[in-house]
Amino acid sequence: MRILGIETSCDETGIAIYDDEKGLLAHKLYSQIKLHADYGGVVPELASRDHVKKTIPLIKEALKEANLTAKDIDGVAYTAGPGLVGALLVGATIGRSLAYAWGVPAVPVHHMEGHLLAPMLEDNPPPFPFVAVLVSGGHSMMVEVKGIGEYKILGESIDDAAGEAFDKTAKLMGLDYPGGPLLSKLAEKGTPGRFKFPRPMTNVPGLDMSFSGLKTFTANTIAANGDDEQTRADIAYAFEEAVCATLAIKCKRALEQTGMKRIVIAGGVSANRRLRAELEKLAHKVGGDVYYPRTEFCTDNGAMIAYAGMQRLKNNEVSDLAVEARPRWPIDQLTPVMK
């Protein structure tokens, strides 16, 4: 079975073709970073228009890369949510229309389930069950995962997601867009221990998180200490340290609560090297393992959607002619895939 995956939930157009026997046959990605850079963030209308321009050409490129034609595709998977509604509608409309024209089934895919399953694309995929640390620009949550579709949210951010906090703090520090990766790069030059940032909500029970207050703490630290280059690097170091330590503390609680020892990190922030190191250290302490996708599959991509869609199609989950786009869609509302 070969599945075409379409991802257009935000500011990346991702197209991929996945074969259940041969694996990933094609993977195309177009980032809109330059388009939104002047605005300091994603402009939804511009994102939607750009998806309209890029999706079909990228599908043609993917088919060519895989040496396939439309007749070789057995199903189309598209991101139906959560995300920007206009951007979602572009991918959903194109995906549903192509499936109808080609006479194959279409399946709407949950964006965060795609991220959660991205490590399954690797040579050493994680076995179930595990605790998933889903961290991106729009979501931060701890999820108990017993199987595909068997998700229980253990805790989530009550305000800014981790990736959002990175980007907003970077903007506060005068870094270019997208600021998260630039802040991490600046943090590499920082002096450990010069500043100590709080670990939000770690002194209270539970697994919910909060990252918005770290922006204010950053602003106050800059105001009190100036913003010369080394001070900026030291502040970036302390900020990143606080976010990663907070996630590690919450993950440790999740492991204790569930009795699990396997950790999966997924989402855009899963590319952060310090976060990986913190969770690898945690896994080592509990005698467990940590899994994460290769860097190119940490950000939004079509490969994860194609893979997740294949699992859903094998479960006979086929959409009707309606075009689905759900800007809000809790991951624990998904149905389990029958084993």
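Using N, Cα and C of the backbone, Cβ positions are placed for all residues, glycine too.
Look at Asp300 (Fe cation binding site): DSSP puts it in coil. Summarising the annotation, Swiss-Prot assigns Fe cation binding site to His111, His115, Asp300 and lists sequence analysis as the type of evidence.
In the three-state DSSP assignment, the secondary structure recorded for Val135 (substrate binding site) is strand. The substrate binding site feature in Swiss-Prot is assigned to Leu134, Val135, Ser136, Gly137, Gly138, Asp167, Gly180, Asn272.
Taking the mean position of the Cβ atoms of His111, His115, Asp300 as the Fe cation site, the remaining same-chain residues with a Cβ inside 8 Å of that point are Glu7, Ser9, Thr79, Met112, Gly114, Ser136, Gly267, Asn301, Met304, Ile305. For Asp167 (substrate binding site), the spatially nearest entry among the binding-site residues His111, His115, Asp300 is Asp300, judged by CA separation.
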